């Protein structure tokens, strides 16, 4: 009996210890709980603190505020993201990635009181440009440290090198981190246990050291400013699985010609935008584990390297932005190949026969090359294809039915080719982008396109598509870009096309045969940025509901039959940069309120070819704040920015330098005012001279009068000035000769007088710039100004001038001659009367008087 009691007692003690030990993880030390709560209170929780949160595979996950669950009533070991030692209860790991934290991370943070930490992940938060504290180097037991993408800035402290137990160090960020160049090599020297090192976008600005940990499996140094020749030892790290050296334009990479020590382990190799020294060696054939290879923008030239075709386990091969040439060889049987990009190699040519038998291919990009011929119609091995890009080649023929039958197709881009025939019905229900613009396609828009639940881009412009726009288009509730411009569509615009779509950003129905009114209601909260309806037969008024388009940057309603007064309320669209109402039936004076902010962001204002009357809208012209600044940027031309310009270029008619042309992209510096072909009257406001960024000014074919404002001399970058066919009087301001960028000048058919300015650009303008101004003189006209040399042609001499002995007869000479002639004449009279010949004398006297009088009149005109 005693033995039984003893057994039960021992069992009780054992169970008590077991329960006690299992409860230890919940016994968080009070000082550590307090430190965590103090750390929590240093930050706010902002759901927008970080938008992109990747998981370990790179896929986006949802961020959530882990610290909101922290409170005193529970043990810190149960808090979200906190992990404790099962024996001691000490906090040994803190996972706060993607926790929506926002605020300054102070160097004396209570976090540094958690001295037993082994793992610390603060990635994907927003610490608003905080410095990385040297105290991170005091976590002597730390094996994992992730501070990436949390908006840290400044120099990474050298104390990080004290963390000799680190296996994982991730500090990559685009916010402005750097390592002092001479600290990079010592940092690596002490971190001998590293398995993963990620310093992407950290400014290293140094050569690549060779003392990387021999245990490295991941080395990510993209965008770090590395330069010089990459040490070959990097390729011989025997455990290396992932090597990313991309976006180091001063880095030279020479691949080993013999078998690499990492050949069996290397799975990912990214060398995008580095310099590859030689051709791809045969040693690439030994990379039997390689799954992903990115060699875009590496100046590869010649035929596609054969060793790349031997990578039998490759899943993703990216050779875009190179100078590869010749036909694409027949693809081997890549059983695992899912992604292939040869985008923008320019000189890759030949047909597409190589496409067969790649059953796993999901994404194929052959855009921007010189491929020719039709797409083969007998391809049957691409049933897994999700994305197909063949744009900007020389492909022709009809689009084969197998493309429309792809069951999982998500994105299709066949634009900028010469495909013909009809667009067939799509089998896929998962389409998100269909781009078939700039081909020769005809027929109607297939119903299957209008019933997609995820379609975001539908770009069918510049084809020969006909018929009506079905109201079924309103089912596309996820649509962002809709471009049906430059087709033969007719009928009315469905009223619901905007009303039901809260995501629509670009609406382009220009250059069709659409009629009726714009009866769409633009609801409050819409995000439309571009509305282009020009070149149709639309009537009625400009919808007042457009005032709800707060993000609108371009509004082009030109070349229609709209009958309305000027929609002054459009001035409240403060994002508006381009406004074209040209060639309509708009009329009446342009009235404006006293609000000085109206139209302040406009860069292009085109109201030409309407029936506007009254004075020029001086107050609106004075509000054009953007035009009051000169774009002094240099280098590559910058265009009016648009977040979707990679997919879509708006087409709008621009009048500049005396010509109308359709522009698909508009320079950010291109500032234009075109008020021509209206009935404006009165004087030209001198306030236009304040618009110093103006490049083109056209006020022609109105009823303007008065003088050309001298303030125009301030328009120092003006390239085109057209004031023709008005009633402008006075002289051309001499100060206009200082406009050194002026290429086109038209002042014809006015009432200008005086001398034409001389010098610089004015010496290059011809007669047509000034014709129809009878009072103008000077070059290039035949009427010259005083002091200018005159060139007289024989055709300009009349009969009297030919009889002159000298073209320069002075008044003194005439008087002397007349006096002498008088004395002689009196003597002759005496003789004639004496000899009885009065008739002869009378005839001679009359002739002499006529000759002298004529010469005197001619010289009086000349002087």
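Even glycines carry a Cβ here, placed using N, Cα and C.
Keep in mind that what you see is a predicted model, and the values were worked out from it rather than measured.
Taken from Swiss-Prot, the feature region 'N-cap' covers 24-90, and the record attributes it to a curator's inference. The feature N-linked glycosylation site is assigned by Swiss-Prot to 71, 190, 203, 211, 396, 416, 464, 674, 698, 714, 746, 767 (among others), with sequence analysis given as support. Taken from Swiss-Prot, the feature repeat 'LRR 8' applies to 264-286, supported by sequence analysis. According to Swiss-Prot, the repeat 'LRR 15' annotation covers 429-452, on the basis of sequence analysis. Per Swiss-Prot, repeat 'LRR 16' is recorded for 454-476. If you look up Swiss-Prot, you'll see 573-597 marked as repeat 'LRR 21'. The region 'C-cap/acidic domain' annotation in Swiss-Prot covers 760-812 and rests on a curator's inference.
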If you count Cβ atoms within 10 Å of each one, which of the glycosylation sites 71, 211, 396, 714 comes out on top?
714
Among the glycosylation sites listed here (203, 464, 698, 714), which has the Cα closest to the Cα of residue 416 (N-linked glycosylation site)?
464
Report the mean pLDDT of the predicted model across the repeat 'LRR 21' (573-597), rounded to a whole number.
92
Should any of the glycosylation sites 71, 190, 211, 396, 698 have a Cα within 10 Å of the Cα of residue 746 (N-linked glycosylation site), which are they?
698
Using Cβ atoms and a strict cutoff of less than 8 Å, what residues sit near the repeat 'LRR 16' (454-476) while being 6 or more residues removed from its termini?
415, 423, 430-445, 447, 482-494, 496-497, 499-501, 503, 508-509, 514, 647-648, 651
Sparsest-packed of the listed glycosylation sites (203, 416, 674, 698, 746) - C-beta count within 10 angstroms
203
DSSP says what for the region 'N-cap' (24-90): how many helix, strand, coil residues?
22 helix, 7 strand, 38 coil
Treating G and I as helix alongside H, and B as strand alongside E, what does DSSP give for the repeat 'LRR 21' (573-597) in helix, strand and coil?
0 helix, 6 strand, 19 coil
Which of the three DSSP-derived classes (helix, strand, coil) applies to residue 767 (N-linked glycosylation site)?
helix
According to DSSP, which kind of secondary structure is residue 746 (N-linked glycosylation site) found in, if we only use helix, strand and coil?
strand
Candidates 71, 190, 396 (glycosylation sites) with Cα within 10 Å of residue 674 (N-linked glycosylation site)
none
Taking the Cβ of residue 767 (N-linked glycosylation site) as the centre, count every other Cβ atom within 10 Å, in any protein chain shown.
11
Round to the nearest Å and give the CA-to-CA distance linking residue 211 (N-linked glycosylation site) with residue 190 (N-linked glycosylation site).
10
Kindly assign residue 396 (N-linked glycosylation site) to one of the three DSSP-derived states: helix, strand or coil.
strand
What kind of secondary structure is residue 211 (N-linked glycosylation site) part of, going by DSSP in three states?
coil
Cβ neighbours of residue 190 (N-linked glycosylation site) where a neighbour is any other Cβ within 10 Å:
15
Could you tell me the C-alpha distance between residue 190 (N-linked glycosylation site) and residue 203 (N-linked glycosylation site) in angstrom, no decimals?
20
Inter-residue Cα distance where the pair is residue 767 (N-linked glycosylation site) and residue 71 (N-linked glycosylation site), in Å
86
